[in-house]
There are 2 protein chains.
Amino acid sequence: MGRWEPNARGRLEEAALELFGERGYEQTTVAEIARRAGLTERTFFRHFADKREVLFGGSTLLHERLTEAVAAAPEPVAPMAAIAAALDVAGVILQERRERARRRQAVVLAHAELRERELIKLASLSAALAGALRERGVPEPAASLAAEAGMAVFRVAFERWADDPACDADLREVMRATMTELRSVTAGSPTPADPP
Amino acid sequence: MGRWEPNARGRLEEAALELFGERGYEQTTVAEIARRAGLTERTFFRHFADKREVLFGGSTLLHERLTEAVAAAPEPVAPMAAIAAALDVAGVILQERRERARRRQAVVLAHAELRERELIKLASLSAALAGALRERGVPEPAASLAAEAGMAVFRVAFERWADDPACDADLREVMRATMTELRSVTAGSPTPADPP
């Protein structure tokens, strides 16, 4: 029972998404997820605190990789360029998991409790990215604004990509196009002293 | 007991903030809030569903006023200009309630549950502002990006203002300065095709 199970985490995530899709999130139990993955409940709880966390395990990976990307941005650090590099990384990671990411998104959107959890995870990612920028010497409020603007691009681009009916868009490209859109939208704002 | 109480809502909010400051959010009961306000528990529950909601009653007002500001923005609608007009309104409303807003912020920041509630309220405000822009004919993703960028400015500016030790900054001015910062931060991002 306590033996090492190859890719237990991934198998549990896959089984959970299958079951959430088939019979609904509320109706699925941890026991069923474990059974579908060919694992025990005990193995489940070695990897996830509860049923909800199966959907959010990936955010730890994103958190790590994105802050690493900001830390690795070349000197001198242009805050939005460092954030764009992090979004490129997110685009590649999620593109590789496209089917899983889309199914997960459908489950999360359908449940207020999960949408709230997602908001919290994204807010914590934004805070981590701002922290990584400050580590690189970017002052406030530029660090927080760049991180928040990056999360705005992330959210909007991810939704466009997840909703794409043709299903052939590349997330990194959608992120880049959305970043360009953000730049043009913000540039269009007249300063208070300017005529509109 | 069921009689009309002048400004019961405001008195309850004020009493709650006093008590949260004096003895802590968890340690304060609805009965104590009502007593401090010189009102009954019954009156409390006519205005608020629970203790937590005393802190979030104001967000309904913000929600209404900000979407109205977007709806009233002059033609042709420049999305960020409409959002900037909404932020001006938020700046004026919160500046008038400065002391209360700062005390409220201290309570919210100290409790994970309240921080989460705040995130949810701000996400719903962002969605409402994007909706108001779409009503005015702004296409996606510009509508969502402008709304999200506006919320980024709101969050960062509000924090700067609430943390200002001298306590003499004007929130509308801080919002405008932060908007200018956002424009400069996003403009600094090289497009993928550009050299950095």
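Each residue, glycine too, has its Cβ placed from N, Cα and C.
Among the features that TrEMBL reports, domain 'HTH tetR-type' is placed at B:6-66.
Per TrEMBL, the feature DNA-binding region maps to B:29-48.
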Stretch-averaged pLDDT - the DNA-binding region (B:29-48): 95
Secondary structure tally of the DNA-binding region (B:29-48) (DSSP, helix then strand then coil): 14 helix, 0 strand, 6 coil
